[in-house]
Amino acid sequence: MMYRAVARHAAKLVSVLALVSVTTFLLLETIPGDRLASVLPEGATPEMRAAAEERFGLNGSLPERFFSWLGSALQGDLGRSMQSQVPVTDSILERLPVTLELATLSILLALLIAIPVGVYSGYRPGGLVDRIATFLCSITLSIPSFLLGVLLVFVFAVTLSALPVTGWTPLSEGLVPHIRSLVLPVVTLAAVETVGFIRLLRNDMVATLQQDFVLSARARGLSTPRILLVHALRPSAFSLLTVMGVSLGRLIGGTVIVETLFSLPGLGTLVITAITGRDFLLVQGIVLVVAVAYVLLNALVDLTYPLLDPRVRTS
Amino acid sequence: MSHSLDKPASVVSEERLPILDPQDGSAPVDELTPPSAEVEPAGRRRRRRDVGAFFGGCWLVTIVLAALFVDLLPLPAPDVVGNLYSLPPFQNAEHILGTDQLGRDQLSRALHGARISLAVAIGATLVAMVIGTAAGLIAGYFRRAFDVVFDLSTNTILAFPPLILLIALVALREPSAVTLAIGLGVVGAPTFARIARANTIAYADREFVIAAKSMGSSSTRILRREILPNVLLPVVSFATVVAATLVVAEGSLSFLGLGVPPPAPSWGGMIAAGRESLYENPALVLVPGVFFFLTVFSLNRVGDWARGRVGRESSL
Amino acid sequence: MTVNGKDIDAVTQVLQQDTETPTLAVTDLRVWFDTPRGMVRAVDGVTLDVAPGRTLGIVGESGSGKSVLSRAVMNILAPSAVVRSGSRIEFEGRDTATLGREEARKLWGARMAMVFQDPMTSLTPVLTIGAQLTETLRRHLPMSRSEALDRAEELLEWVGIPEPRKRLKQYPHNLSGGMRQRVVIALALACSPRLLIADEPTTALDVTVQHQILALLERLQREQGMAMVLITHDLGVVAGRSDEIAVMYAGRVVEQAPTKVLFREMRHPYTRALVGSIPRISDPSHTRLRAIPGRPPTVVDPPPGCAFAARCPHARPRCLAETPVLTTDGTTGDRHRHACFFPVGTPAGDDAWTTNLDEGRTAAGLPVDSRSVL
C-alpha cells in the first residue's frame, strides 16, 4: 500500500531531522572551556555572567535548553550572533544566495559537459572519447578542489590575466563582471560533479543500449541521435535527476573551500569566520540549516523520483 | 535518506560495472550478443590496470618509507630558515626542490608534511574501519532494532556536510593529529559500515553460518569466526579508497588553516602559503601539489585494483 | 481502398509486380563475429529467397544463426559483426549494400520491417505507445503530428486493440503481453512494408495468445499482400502458415522446401529429428519427449565435414571429411533442396542407417539403437 510506504518514509525523515538537531545541539555543548569567553570581559561579575547566559540561552538544564533552542529554531529564530549581534537567521539568509548560485551553476555546468560525454562514451565504450574521458576523470578525482582551484587561478588569473584572482562581483554591478568572478569557482566545483555524472551516464547508457527496445528502435530505422537521446537517455535521466538533487544538497554545505579560496561571501566563508571567532551560536545555526537542507532535499528527491519515472508511477 | 540502503547494495562496490569475463569458460558466446561492451579483450584490460596500480603502489611505498625515515635523509630540517628565499626547484644541489619564502627546504617540508597527512589518514581509516565494521556486522547480523539504529545514525552522520562537520568538530577543540584522526574516522565510518552490513547480510544466509548456528554457536562466535573474516576482505579492499578521501579531507582542513597547527608542515598548508607567491614562484604550490596528487592518485588506483581483485575472487 | 476487407491497392500492386523478382533474395550470406575466441561463423553461406506475398518459415535451434540472419537482412547487426564479401542481400531486386542514405531511410523500418520475440522488452518503456507509433510514422512518411496520431489510432484498431485512442497515451507496461505484441506488430506495419520479418513472434507469449497473434499476422499479410519471413524454433508454428520452410543448422541451411513437400518427403536427418520431436496429442500420456542428443556447435573454425555429423544417426565416415552442399535430388521438385550425403528416404540413407545400427554406433561415435530413429 502506497500510504504505508509514505508513512514509513515520513517517520524516517522526522527521526533523522530530530537526530540531526540533537546532534547539532550536543556538538556545541561539548566544547571544552568557557563558551562565553569571547563575550565576557575579564573580571566579569557573576551577575554579568548570569545575564550573558540568559542572553545566549545558556542557562537552565540540558533538556530545557535544547527544547527552547529547538522551539525558537522552528519559528525561524536561531539566536543572535555572539560577535555581531546580528540575528543568525539574517546572516544565513544574506549569504545563502551566493552559495546557492555557486552550487546550481556548478551542477548545470557539470551536466552540460557530462551529458554529451557520457552519452557518447556509453555509445562507443572503449573508444577514444571513452578512454580519454575515463583518464581525465580519474585524474580529476585525485586533485582536491583547493589544489584545482589554485591551479586554475595560476593559469587563468595569474598567467593569462583573463579572470579575476579572487573576489565576488554582485549581479547589481553588471552581468559580465558578475559572471567573470564566478567562472573559476564554478569550474572548480563542477569538476568533481562532472566526473560523477559522466560515470553514471556512461554506465547507464551501456546497459540501456544492450536492451531489446534499442535494437527494436534501430530496426524501425530511427536515426542514431534520436535513439540515443530519446530512447536511451530518458531512462537514465531519472537517476541523473536523483543524483543532481543529492549533489545540490551536498554542495550547499560543500562550498567552503572554494568560497575561501576565491573570497566569495557565501555560507562557507561565514562558517569559517564564525568558527575562528568562536561564535558558537552562529556555527550551530549554520550547521543546522545546512544539514536540514540536505536531509529535506534528499527526501524531496526520493519523493519525486517515482512521480517522474513512468515505469514506477503506475502500479 | 540516500538510496544505497534500500537497494541491495552490491557487496563489493557501490557502483559496480557488470563485468562479463569471456574467458571464464562458461556458456558459449551467443553470437547475437557481442562481447559485453565494457570488456576489452580481458588480458589487455587487466594488464593496463596493473601498470597504473603498480606504479601507484611503488609511489605509496616510496612516500611512506620516505616519510618514516625522513630524519635519516641528508636533508635540512623542515623548519630551518635559510637565506635562499623562494628558490625554484632543480637549481641548487642542496635544495633539490627549492625553498619557500622563508628559505625552508621544500623537499624536507614535503616529506614531513607527508608524515602528518599519511599518519592522520591512515589513523582515521583504521578508526573508520573499526567503527564501521563493528556497526555493520551488528546491524547486518541482528537486523531489526539494530538495523533501524544503524540506518538512522548513518543517515544522520551523512546529513552533515563533511567539511563543515569536520571543521566544527576539530576547530572547536584544539586541533591535533589525534583529534583530526578521530573526527575523520567518524566521517568515514558510514562507508565501511554499509559495506560491512551488506556483506554480513549476504553471508549470514550461507550454509556454513546456518550450520554453525544449528550447532549452537553463540552469535559472537559466529560473527567472529564465520562472518568477520569474509566481510573483512571487501571492507579492506575499500580501505585505500577511503584513505584517499581522508587525505584530501585532511589537506582541505590544513589548507583552511584548521589542521595540525604550524610550525608542523602539511601539504595543504604549504599550498595555502604558496598562493601568495603564485606568480613569482609557482613551484611553492606545485611541489606540495604534485606530492598530494600522486599520493591520492596512487591510493585510488591501488584501491580500484584491490576492489577489482576482490570482486573477482569473492564468489557471491 | 478496401473492397470486401481486402486492400485493393496492395493486391493490385502485388499482381502488377514482376513475379520473377523476389521481395527478398539472400545469396551466399556469411556473417562472422569477431570474438576473443576467434571468428564465430554465425551465418555461413545461406541462400534464400521470398516471393512477393509468400511466407518463408526459417526453423532452427538457438545458435543456428537464424536470428543473426534476420538482423543482417534488417541491417541491425552489432558492430563486431562482419558481413563477409561475397554476401548479397537484395530487396526487390536492389542490393541493400549499395543504398544511399535517403534510400536506406525509406527501406528499413518502412518497406522492410521486423517484429521481435519479446514484447515485454522490445518497446521503449519510457515512451507512450502513441509517441512510439507517431515517431516511426513521421520518420518515414511526411505527416503532421495530428495526422500521425490519427493513423496511429487506425493502426491499433487494425491489429485488434480495443479503445485505441486511450491506448495511445498509455505506456507499454500498462498493457498485457498479447496486446503489447499487437502494438509491436502495428509498429512494424505502420508504413505498409513489403516484407515483414517475424523473429520468434510468439515464443514469449501464452499458448492461447500465440494462436491469436499468428492468425493476426496471417490476416494482415493477406490484406497487405506482403511477404513474410517467420523465424522460429518451433516447427509447429510454421507448419500450417508458411509456403516454404528452410531448416537451419550451425549457420547453414540444411534443407528447404515448400511446406507440404518438406513434411511429406523430408530428406535431412535433422529435419526428421525436428519433426519427430514435436509432441503429439495422440501420444499416450507420459510419453517421453524425443530430444535430439547433444548440443549444436558454436561455429568457430569448424572442422571439415557436416556440422550435424556428431548428432546424426546416419553419420558415415564421408560425413566427417566432406561438407555436403545444398542440392536437389531430382525426385521432389526444383524447390526442394537438402545438404546430406545419406538422406532420409533414399537407398543411400537407408544403407547408412542399417550399417550404423549393426555397429551400434555412427561413424562419429554416437551410440544408436532401434529407438534412435525419430
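Placed from the backbone N, Cα and C atoms, the Cβ positions cover glycine too.
Those TrEMBL annotations? Automatic predictions, nothing curated.
Quick look at what TrEMBL lists:
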{"type": "DOMAIN", "residues": "B:114-303", "note": "domain 'ABC transmembrane type-1'"}
{"type": "REGION", "residues": "B:1-44", "note": "region 'Disordered'"}
{"type": "TRANSMEM", "residues": "B:51-70", "note": "transmembrane segment"}
{"type": "TRANSMEM", "residues": "B:116-142", "note": "transmembrane segment"}
{"type": "TRANSMEM", "residues": "B:149-171", "note": "transmembrane segment"}
{"type": "TRANSMEM", "residues": "B:177-196", "note": "transmembrane segment"}
{"type": "TRANSMEM", "residues": "B:231-258", "note": "transmembrane segment"}
{"type": "TRANSMEM", "residues": "B:278-299", "note": "transmembrane segment"}
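Counting residues 6+ beyond its ends, the transmembrane segment (B:231-258) has Cβ neighbours under 8 Å at 11-12, 116-118, 120-122, 124-125, 128-129, 132-133, 136-137, 162-163, 166-167, 170-171, 175, 180, 184, 187-188, 191-192, 195-196, 199-200, 203, 266-269, 271-272, 292, 295-296, 299-300, 302-304, 306-307, 309-310, 314 in the same chain. Each of B:51-70, B:116-142, B:149-171, B:278-299 was scored by its Cβ pairs under 8 Å to the transmembrane segment (B:177-196), and the highest score goes to B:116-142. Same-chain residues lying 6 or more positions outside the transmembrane segment (B:278-299) and placing a CB less than 8 Å from one of its CB atoms are 55-57, 59-60, 63, 86, 88-89, 97-98, 100-101, 106-107, 109-110, 113-114, 117-118, 240-241, 243-244, 247-248, 251, 267-268, 270-271. Tertiary proximity for the transmembrane segment (B:51-70) is limited to same-chain residues at least six positions away from its ends with a CB under 8 Å from its CB atoms, namely 108, 111-112, 114-115, 118, 291, 294-295, 297-302, 304-305.
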